[in-house]
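According to TrEMBL:
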- C:71-121: domain 'NADH-Ubiquinone oxidoreductase (complex I) chain 5 N-terminal' (DOMAIN)
- C:137-419: domain 'NADH:quinone oxidoreductase/Mrp antiporter transmembrane' (DOMAIN)
- C:34-55: transmembrane segment (TRANSMEM)
- C:120-138: transmembrane segment (TRANSMEM)
- C:144-162: transmembrane segment (TRANSMEM)
- C:174-193: transmembrane segment (TRANSMEM)
- C:213-230: transmembrane segment (TRANSMEM)
- C:275-297: transmembrane segment (TRANSMEM)
- C:309-331: transmembrane segment (TRANSMEM)
- C:337-358: transmembrane segment (TRANSMEM)
- C:370-394: transmembrane segment (TRANSMEM)
- C:414-439: transmembrane segment (TRANSMEM)
- C:451-473: transmembrane segment (TRANSMEM)
- C:501-521: transmembrane segment (TRANSMEM)
Amino acid sequence: MSAASPTHALLLATLLFAVGMLGVLARRNLLLMLMSIEIMLNAAALAFIAAGARWHAAQGQVMFLMILSLAAAEAAVGLAIILRLHSAGRPTLDADTGNRLKG
Amino acid sequence: MSDLPFILFSLVAAWAAIMVVTRAVAVHALLYLVVVPLSLAGVFFTLGAPFAAMLEVIIYAGAVMVLFVFVVMMLNLGRSDRDRERHWMAPAVWIGPALLSGLLLIALCITLRTIPPTAASDAMVPIGPQSVGLLLYGPYVLSVELASFLLLAGLVSAFHIGRNIRGTGTGEP
Amino acid sequence: MNALLLPLIVACPLLAAGVLFLSAGRMPPLPSCVIGAGSVGLSALMAAVLAIGFLRTPPPTGALHATLWSWMQVEGFSARIAFMLDPLSLVMMLIVTGVGFLILLYACGYMHDDPDIARFFGCMTLFVAAMLVLVFSSDLLSLYIGWEGVGICSYLLISFWHADTANVTAARKAFIVTRIGDAAMLCGLLLLATRAGTLDVASVLQTVTARPADLQAAIAAFLLLGGAVAKSAQVPLQTWLPDAMAGPTPVSALIHAATMVTAGVYLIARLHPLFASLPVAMTAVALIGLITLLLAAGSALVQTDIKRILAYSTMSQIGYMFLALGTGAWQAAIFHLVTHAFFKALLFMAAGAIILRVHHRQDIYQMGGLAHAMPGVFAAFLAGSAALAGLPLLTAGFYSKEMILQGAWHADPMLWAGALLGAFATAIYIFRCVFIVFFGPRHTEPHGRTGATMAIPLVCLAVLALTGGWMGMPDAIAPVHLLSHLLSPLFGASMPEGPHWLLWAGSLVPLAGIGVAWMLWQPRTRTRTPPENALARVARAGWDFDTLYDVLIVRPFTTLGQLNQSDICDRLSDATAATARAGGRMLGRMQSGQVRRYAGWIAAGTVVALCLGVRP
């Protein structure tokens with residue numbers, strides 16, 4: 001097996017997290033924001049895996065499973081909301097108009 | 001050069017993530033987004049977590065991404081959406097978020113330096129599904145239940161939100 | 001028993017005022033009159049009973065005391081609501097209730113068709129109650145309550161016809177000018193309180209007399225004098241009184257002639273040991289009195305409005321009282337206060353009767369020849385004028401003024417000469433008014449009749465104005481000293497009388513004045529038009545004190561106010577408001593409802609937390 005350094009993996013996780021956050025903050029399209037959140041979740045998952053590998057513990061993968069279910073639920077609900085908004089007359093999916101709450 | 005696959009997968013994942021964030025067309029972003037879990041699965045594998053790598057491929061790249069693909073299909077996006085997206089992505093918009101993200105990156109990197117390095121001789125021992133399963137149905141059974149509740153809640157709310165889309169059109173006056 | 005009557009006398013009009021005010025103006029005229037005049041009449045009755053009891057069996061200490069309650073009791077200071085009846089307050093009580101009752105009776109006739117009669121009587125009875133508190137108080141703090149009470153009633157009644165802006169302006173002027181004095185007086189009272197630890201009159205005076213007079217006492221005396229000067233419309237705070245004639249005539253008679261304006265005299269008489277121990281203050285009082293009596297008499301000579309003539313005359317007569325106070329002739333001051341209350345109330349009420357019957361005209365040059373049309377009113381006005389002028393032997397004013405002149409002679413012949421000049425002018429201006437109003441060609445045809453409710457008080461006061469002086473005669477005529485004897489426990493023995501020729505001078509000067517007035521304004525002369533030279537104009541405007549104050553005080557003050565509109569204090573409070581507003585706006589902007597901003601804040605918070613955690 002290869003001997004990748006868990007520290008480097010954590011570095012990658014950090015980078016992915018920062019990029020995801022950049023996407024969440026900078027993009028106005030709800031769909032793209034959701035995708036960026038997926039990247040952030042992936043980064044978190046990677047951090048757990050790397051930590052598990054660093055300390056030879058299976059708990060890292062347990063937490064990974066938790067994150068996985070969380071991501072699945074989040075994607076389902078988030079995409080449902082997006083579809084709903086789209087069909088309710090907001091085809092632009094502009095996140096900044098979310099404060100209008102209506103129409 | 002046993003680190004090569006790790007470095008390769010890492011570069012691909014980072015590159016794909018950056019592409020996701022910067023694409024104007026949703027489908028392009030989505031395609032790059034598929035690459036991220038796939039390459040991360042490779043990273044997991046190199047980290048000695050084959051079970052996690054499999055799940056990543058199956059659930060993320062398989063299930064969640066397909067969900068995204070369906071939604072993008074239903075949104076019926078066109079050229080105007082791309083132009084609007086370009087307009088929204090003016091350079092000035094990126095300054096604040098980039099600053100924040102950069103700061104976060106720096107802060108996290110400094111934190112990482114406090115982790116004591118692994119001994120170079122310490123070979124990466126893979127952690128198989130068996131040990132994970134034993135943990136899941138041992139001390140972590142409660143969190144499994146919680147995860148199942150979470151999924152159930154997600155299911156119910158997704159169903160509830162999407163309930164009226166066909167029926168009354170907008171569902172609002 | 002007697003001490004119990006004391007608060008009852010006050011409570012009666014106070015209760016009436018409460019009833020009248022609570023009726024919210026819905027009480028019809030007759031019950032308003034009955035309640036208003038009746039309550040004061042009841043007070044007058046009780047006052048008479050009390051006075052007879054007091055005179056028949058004087059209390060051993062010389063005064064009746066009734067402490068109602070202890071107002072405040074702190075370390076080093078105590079104040080009570082306490083009433084006291086001594087000879088001085090006995091005299092004042094009889095004036096306030098007796099003359100007050102007659103004037104309220106008169107007001108029933110005068111005001112009977114006014115829609116706001118309930119409010120009128122409410123204010124009047126409240127005034128009587130406040131005035132009684134003022135004269136009864138044995139504690140200077142409760143005296144101050146009465147003092148402010150009469151001030152506010154005066155304000156309410158001057159602006160009684162508040163639909164007219166001029167009336168309201170006059171009321172405001174009266175209130176503000178007297179307020180200046182009241183503020184000074186309060187300072188003086190507090191200064192006295194720091195010396196004595198109490199404001200009980202007896203204790204205060206004891207403290208004052210126990211120690212030699214020092215600067216603090218002098219300052220306190222002058223501050224109190226400021227209050228008295230403002231209330232009694234003396235120079236330099238006299239400008240409000242002529243304008244106060246904007247109120248109904250009974251108000252002018254009761255408040256601005258008989259009672260409230262003499263409160264300053266009462267105050268100084270009440271605290272006479274304090275003033276007597278300070279020669280400077282005494283001189284100041286005498287000079288203020290002399291200057292006021294001469295200036296006001298000069299103004300009265302050229303007025304055309306009958307009520308303003310009487311207003312300036314009131315100022316002038318109170319000037320006499322101040323002169324008497326300043327020369328230490330306390331009895332003379334109180335004596336003149338009494339007789340003045342009689343004849344000036346009479347003059348005002350007679351003037352009111354005239355005004356009612358000549359279609360509410362007040363210009364004397366528009367009247368003329370009224371003697372035949374209203375002989376009763378003419379007789380009453382003549383009696384009042386004679387008393388005011390001090391017609392010898394016959395009238396009350398002669399005796400009291402004579403006493404003042406004697407006192408002035410003893411203090412300084414110059415003061416005496418000034419007072420005599422004032423008496424001369426008094427006779428001229430009031431008989432000018434008589435000759436112009438009642439003789440010569442008629443300019444306005446009078447209508448109606450003077451009703452009984454107005455006539456009876458006129459008769460009573462006319463009798464009093466003529467005979468009221470017999471309670472204090474010079475020895476040269478008859479050794480009668482009823483009032484002086486009554487007041488002597490308080491003020492000490494009265495002064496010895498001067499040479500006989502003083503009496504002759506005091507008798508002849510008014511006669512000479514009447515003669516001059518006859519020469520100038522008899523029906524056949526051509527001077528029966530308002531004088532129009534520059535001096536007359538200045539004098540008619542009250543020697544232009546208003547303009548002077550406007551230029552000296554009001555305008556600089558308003559200019560300063562305008563300049564100072566946004567001073568540092570304003571800036572401070574504005575800055576507080578601006579900070580709060582900006583902070584609110586900033587925090588409000590955070591709650592924009594935009595999910596990306598929320599995410600941004602979360603990220604920023606995370607970064608900060610991480611940075612804090614990372615710091616080694």
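Glycine is no exception: its Cβ is also placed from the backbone N, Cα and C atoms.
Automatic prediction, not curation, is the source of TrEMBL annotations.
Long-range Cβ contacts of the transmembrane segment (C:120-138) within its own chain (Cβ-Cβ under 8 Å, at least 6 residues beyond either end) map to 6, 9-14, 16-17, 20-21, 32-33, 35-37, 39-40, 43, 63, 65, 82-85, 89, 92-93, 96-97, 100, 104, 107, 111, 114, 145-150, 152-154, 156-157, 160, 200-202, 248, 250-251, 254-255, 259-260, 263, 266. Long-range Cβ contacts of the transmembrane segment (C:451-473) within its own chain (Cβ-Cβ under 8 Å, at least 6 residues beyond either end) map to 99, 102-103, 105-106, 108-110, 112, 331, 335, 338-339, 342-343, 345-346, 349-350, 352-353, 376-377, 379-380, 383-384, 386-387, 394-400, 403, 479-484.
Residues 147, 177-182, 184-189, 191-192, 195, 236-237, 263-265, 267-268, 271, 274-275, 277-278, 280-281, 284-285, 288 of the same chain lie 6 or more positions beyond the ends of the transmembrane segment (C:213-230) yet place their CB under 8 Å from a CB of it.
The domain 'NADH-Ubiquinone oxidoreductase (complex I) chain 5 N-terminal' (C:71-121): residue composition by secondary structure is 29 helix, 13 strand, 9 coil, according to DSSP. Between the transmembrane segment (C:370-394) and the stretches C:34-55, C:309-331, C:337-358, Cβ pairs under 8 Å are most numerous for C:337-358.
If you look at the transmembrane segment (C:501-521), the same-chain residues 6 or more away from its ends with a CB under 8 A from one of its CBs are 389-393, 398, 401-402, 405-406, 409, 416, 420, 423-429, 431-432, 434-436, 474, 476-477, 527-528. Long-range contacts of the transmembrane segment (C:275-297) within the same chain, counting only residues at least 6 positions beyond its ends with a Cβ under 8 Å from a Cβ of the stretch, are 208-209, 212-213, 217-218, 221-222, 225, 229, 233-235, 238, 268, 312-313, 315-328, 408, 411-412, 415, 418-419, 421-422, 425-426, 429, 543. Residues belonging to the domain 'NADH-Ubiquinone oxidoreductase (complex I) chain 5 N-terminal' (C:71-121) score a mean pLDDT of 88 in the model.
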